[in-house]
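Annotation comment: Swiss-Prot describes 1-76 as region 'Domain I, interacts with DnaA modulators', evidence class sequence analysis. Under the heading region 'Domain II', Swiss-Prot lists 76-135, citing sequence analysis as support. The region 'Domain III, AAA+ region' annotation in Swiss-Prot covers 136-353. Taken from Swiss-Prot, the feature ATP binding site applies to Gly181, Gly183, Lys184, Thr185. The region 'Domain IV, binds dsDNA' feature in Swiss-Prot is assigned to 354-473; the stated evidence is sequence analysis.
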Amino acid sequence: MNYHSTNVNEIWDACLRILQDIVDERAYRTWFLPIIPVSIEGDTLTLQVPSQFFCEFLEGNFVEQLRTVLGRVIGPNASLQYNALVDNSSPKYPGTVTLAGCADGGQAAEQFDVNLLHRHMPNAATHSEAQDFDTQLNSRLNFRNFYQSECNYVARSVAEAIAASPGNTPMNPFFIYGASGVGKTHLCHALGLRVREMHPRLKVLYVSSHLFEMQFTTAARMGTINDFIAFYQQVDVLIIDDIQWLIGKKKTQLAFFQVFNHLYMLGKQIVLTSDKPPVDLNGMEERLVTRMAGATCVKIERPDLKLRREILQQRTLQSGVRLDESVLNFIAENVCDNVRELEGTLVSLITNSVVVGKEIDLTFAKRIVRQAVRLEKKEVTIECIQQAVSRVFQVQIEQMKSKSRKQDIVQARQVVMFLSKKHTAQSLSAIGELMGGRNHATVLHGCRCVTNEMEMNASFRSSVERAEQLIAN
């Protein structure tokens, strides 16, 4: 042992000091600080990691650094053993993983516990078949222009690990969630494109859940549902964006469940995105929620200041426009919600500058940015509408969702349906599902009742308008 101590905490502290110098700060904080040293026996160091996924990620991305550290601190015969805490979301991978240290640069020997589930690589199509397959991927949305910061670092790291070995890691399925415009779609395309680069024989498919639902509806109308399901079951890497749009569409959910199960059992990679975590997908079938809750779930946070500045700098370079630092800082500090809003504000600023023939100084930027931010509409949700209607009509939300036929409760329920149809992009089925499991015909009837009553009853119309004002504010 090179480090003259038998205290495991001292040995791991020595390892951390070296690691801090050879990996970047984000990686150090994310992947090494959570590790707990357990024991040192001879030349074998045992560490406790939060999950099997954590362990696999370390092996896949930091094995060379770990070899270096083990060699310097423990010696050339060092070995590293992980005790992975078993979490309920990943029951497939219990047990311990051992990685023999190779400080002399030799090949590492990875020994997995025998009770780990055997993982099959996807059956590969021929090269020509995979290349001819329409992936629906956008080549402009790649890892090279997916800018990284604290808010998306873990999601990107996991996506890159998956792309290196799709379907052959514990990160399957991979569930990405976060607010609209934070980069979920970009990351999905980048992951798919990287798989195509590294594994040209694999069939990769990106599809929005809206398109999936439209294709299913067409197949149902034409009596070709089996062909529809068979098409999706041939895919090696399936990426479905905005899975929350399947809420309330029970038949489409059933078809998706069949595809999901088939691909999962064959070891194919599944990637899903949503604006909320699986447990909050009210209106999704319980068995689907259970499958998704068992995925590796990673949230992309809203862009931090560092990321907003970097995006603005890169976009201005690409557009050939030079902006003063004070202008960049003002935009970055005041347009905070998402990347889409940030880029839209920059485009608006440049366009206004060209149209009026005025140089972009701080005064000009403040005027345009304030207009853009003020014009940005607040996202309206059904939950927000329920709260507003409950307050105005003095009916509890749970009463609205109940089976009660009392006139005041029915009326409040119908107002929620009416305003949800008017102010959100949710389907009638999704609205009905969130209003106590009602069908689209009930929602449509409720909307008509509200419209008719508003035409005849000024007091009722005033109450509906008050609810709308609450929603807007």
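Backbone N, Cα and C define each Cβ position, glycine as well.
Structural mapping of features recorded in Swiss-Prot.
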residue : record           : Cβ neighbours (10 Å)
Gly181  : ATP binding site : 18
Gly183  : ATP binding site : 25
Lys184  : ATP binding site : 22
Thr185  : ATP binding site : 20
Secondary structure tally of the region 'Domain IV, binds dsDNA' (354-473) (DSSP, helix then strand then coil):
90 helix, 0 strand, 30 coil
How does the model score the region 'Domain I, interacts with DnaA modulators' (1-76) in terms of mean pLDDT?
81
